[in-house]
Amino acid sequence: MFSPDGGLPAAPFGLLPDGGPPFPRGGYDGAAAQQLFFPFASEPDGARDAATARAWLPPPAGPPAKAEARPARPCRQGSPEPRAAPPATPCCGPAWAAPPWPGPAPPAATAVPGPPFPGPAAAAFPAAPGHALCPAALQPSSGGLANLGSSGSSSGAASEGGHSSDSGDEDAPTSEELEQFAKDLKHKRIMLGFTQADVGLALGTLYGKMFSQTTICRFEALQLSFKNMCKLKPLLQRWLNEAENTDNMQEMCNAEQVLAQARKRKRRTSIETNVKGTLESFFRKCVKPSPQEISQIAEDLNLDKDVVRVWFCNRRQKGKRLLLPFGNESEGVMYDMNQSLVPPGLPIPVTSQGYSLAPSPPVYMPPFHKAEMFPPPLQPGISMNNSSH
C-alpha cells in the first residue's frame, strides 16, 4: 500500500499521484484509491512517440512585444472550464487541455471603448460584459440602409420635382427658351426701329436700371452667362410688351438719349474776339499767371476763373506745338524754322561777291550718342581732294 519510508505510493508511468491523503477513506483494508481527476483521452501505443515531449503552456508574461495580425474569428460563447474527454484507459499519458488561467487576447478581439455608432443602433447591439464585441455587430442593419436610401431618394425626387426655397415663384428658363427669346427680341427690335442703345436707355427710363449697348448686344448674341441672361430676360420681356403696345416709345427713348448726352457732355464755352485779344495780351506779359492773377483777370473780363485757367493752359500747349513760346527769356523773338542746323564749332562758309570759291571739303565727325553727357571734341577735317592754294 505505501512504502516503508513513509512517502507516497508509487504511481504508474505518466500519471500523477492522487492529491488526497495517503490512506484511503474507507479504512485500512488495502483497497485501491479512487482516481479523482477527470478521465483523459487515450491514444494507441503505436501512435505515441516517446521522444516527443508534451510541454506545459507557459504562464502569461504580460502583453506581447509585437502583436501579430490574425484574421477575425467568429464569436463563441464558451465556458471557461476545461471540457471533459470521453472515458479512456489509464495506460497512456494525458492530453492536456487549455489552462485554467486566461491567456492574452488577440488584437482583433479587443472591445471597443465606446459604442460603434450612436442612436438606436447602439442599443440594438449591446456588448456583453467580459466578452469581445463581435465584428458582425459593427455592420449596420439592412433595414437602416434601406431607410437611408429611401429617404435620400425621396428627398432627391422632391428637389427635382418641386421648387427649391430660393428658386422663386416662376421656373428658370431653359437654354432653348433663352435662345428663342433672344432671336425674337432682335427681330422685333429691328422691326420697331429701335437700336440696342435705345433698349438700354428705355430700361433705365421705365425700370430705373440702365444697361449699355454692349450688354444688349451680348444678350442677343448669347454671350452672357446663363445666370445674367435669366436676370435680364424679365426686364427685356416687359420692355418688348411695352414697345409693342405703346406708340410713343420711340419719343421716350429719344428724350432719354438727349438727357443722357446732356449729362455726359458740358456746354462748349465760347469766348468773344475782343476778350481773346485781351487774354492774348496778358499771355504775352505772363505765360503762367498765379491763382491770384487768374482771379483778377477773370474779374476784369467778367469770366469764370476756370475758363481763364483752361484758356491759359490751352494757350501754352498751342505755343509748344507751334514752337512760338512767349516768355521773359524769349522776349517775343520767334525762332527761325528755316535756319540750317550747323554745329557752332565749324566754320561757316562765306560767299564772296563777284566770284565763286572752291567748295569746302567734306568733314567727317565722330558719332555722337544721346546717352553721352558731353559730345566728343571735334576732329580736324580731312580733305578728300588735293586742292592747291
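Each residue, glycine too, has its Cβ placed from N, Cα and C.
Annotated in Swiss-Prot:
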type	residues	note
DNA_BIND	264-323	DNA-binding region
COMPBIAS	1-18	compositional bias 'Low complexity'
COMPBIAS	145-165	compositional bias 'Low complexity'
COMPBIAS	167-177	compositional bias 'Acidic residues'
DOMAIN	170-244	domain 'POU-specific'
REGION	1-88	region 'Disordered'
REGION	145-177	region 'Disordered'
Secondary structure split (DSSP) over the domain 'POU-specific' (170-244) reads 57 helix, 0 strand, 18 coil
For the DNA-binding region (264-323), residues assigned helix / strand / coil by DSSP = 43 helix, 0 strand, 17 coil
